[in-house]
């Protein structure tokens, strides 16, 4: 009993060290507090001890058929809170980095060892379901479904990469400062960069103002259509996706799903998908192009199938085809389109049943209504393409879901990530030589959940071709937000801006929206954008009437920027990073959550506002220089 007490005391003291450090400083969760490096160094030593302790107890469990009291206490100390289930890893505070890494390495390491000692698929499956449930990662039925869908590719990777350690696995998945990745296999590859670029000596400026001849581009993203959504069904089910037929009607009427969607962990009913697309057609019939940036499939990640995904993808793309028969729609894939969710094949894999080709071929066929034939080859190869929209203007549509840290294939052959990035580089080089300007579409924001080495290489490409890339457009986060990129060696200079279209879904605590961009017809720079939304609370009060869409704001009008170039937006950021800019920063946050009642009711403290400011300027997991810089002026 004394050994258990000592171990748990060590666990709690070390894992809570980050909490103590954070509360001793004034700042945001995204900031690394003083003493962070020392604490992380201590944690690395503790992870090994914790892993060994869990491994001994795990082996005893498997040999004797029963868990010891010691093991049960370790599990109890490691259980996560239910509220953490619904959060993305990027949304968890710095104080949780150590505990999550310890849980992953301790219990994940034991399962890894278990397989390498000869455990069968069935033994690994039943063991991981039991641990998943006891650690409170999800309810048992969801643990069972998720593990059933993902176990085969994971076992293939474990079996074929005998040098893969739990430390590397957890460092890739959680990608936090407390989970150190020191395996050069993951970081030694590089894109071959053209050497004719010029050094960054100033922020990229722009003078384009919104004008009468601007192109009009509508972005629709993250519709997350759920064919199982049912009005009145349980919106507080505790699963990654609620409001579904299988979850029943709740006893409490307040927990019932609304007609037009729900602020809780619920996706989008078909009537709301149709209404959004119809509104774009009705109110913006003069749109020149539509960017549809992925995530058609719902959050029922424990029960997807190829057939299920195909049906939803077909239905949404057919609706877009009917709505925009003559207006070009540029589609890209979201992480949810894959089956299993997030899992996009990488590298040389000998199992055809792991291939993502079904999705690539489906996409090539469905998108062909709007795209030139020349795009077919790369779409069928990897779900990405480039198209010349008009003379001097090119679109590059990436499938950067391969870099998502929950894409298990990164663990198998990380340097396979180079392929699409090298293609991007080569396309941009040709565009530069042809005098073309480029818009890049990518579902995952570069700063959001992308593997850090991929982020590093993308930033190198962006910096090299900063004069060719006029704008970037992302989705995934469901937030109306933007990111500014700074030069790696000269971080005082802004070199690029990426705009996020928000989401058609209200999952979670946001209003549905779409965005209209105004683009200069000569430089193809964004001169302004307007975000349109409706209040979900009000819409659900009148289920027989269509939602009341309204123009939420114009970025240029609201924030008074000289222009939307990297230099112009950087000026805004410097202002937001001072006490004088606090009210503007608060407005930015309110628009980021799209004026959703559920988010506004929770408010956003000054530390919370600094977090959101830091998220604008952070584009690589291990680079918080701009965040630290802004924190120094934030409370002056």
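Residue 1 is the first one shown; counting continues down the chain.
Using the three backbone atoms N, Cα and C, a Cβ is placed for every residue, glycine included.
Here TrEMBL flags 222, 224, 295, 478 as Zn(2+) 1 binding site. The Cβ of residue 478 (Zn(2+) 1 binding site) lies under 8 Å from the Cβ of 222, 502, 503, 505, 507, 508, 510, each on the same chain and at least six residues away in sequence.
Summarising the annotation, TrEMBL assigns Zn(2+) 2 binding site to 295, 335, 443, 476.
The number of other CB atoms found within 10 A of the CB of residue 143 (disulfide bond), across every protein chain shown, is 21. The feature disulfide bond is assigned by TrEMBL to 132-143 (among others).
Around residue 237 (disulfide bond), taking its Cβ as the centre, 21 other Cβ atoms fall within 10 Å, counting all chains. Look at TrEMBL and you will find 237-242 (among others) tagged as disulfide bond.
The disulfide bond annotation in TrEMBL covers 243-266 (among others).
The disulfide bond feature in TrEMBL is assigned to 403-450 (among others).
Residue 604 (disulfide bond) has a Cβ environment of 18 other Cβ atoms inside 10 Å. The feature disulfide bond is assigned by TrEMBL to 604-608 (among others).
Per TrEMBL, domain 'Saposin B-type' is recorded for 97-183.
Under the heading signal peptide, TrEMBL lists 1-28.
Taking each Cβ in turn and tallying the other Cβ atoms within 10 Å, the top scorer among the disulfide-bonded residues 132, 242, 243 is 243. Within the model, the domain 'Saposin B-type' (97-183) carries an average pLDDT of 95. When the Cα of residue 243 (disulfide bond) is compared against those of the recorded positions 224, 295, 335, 403, 476, the shortest separation belongs to 224. Within 8 Å of the Cβ centroid of the Zn(2+) 1 site, not counting the listed residues 222, 224, 295, 478, the chain contributes 221, 223, 294, 334, 336, 475, 476, 503, 504, 505, 507. Of all the recorded positions in the list 266, 295, 476, 604, the shortest Cα-Cα distance to residue 242 (disulfide bond) is found for 266.
For the recorded Zn(2+) 2 site, residues 295, 335, 443, 476 set the reference point as the centre of their Cβ atoms, and the other residues of that chain within 8 Å of it by Cβ are 222, 293, 294, 333, 334, 336, 401, 444, 475.
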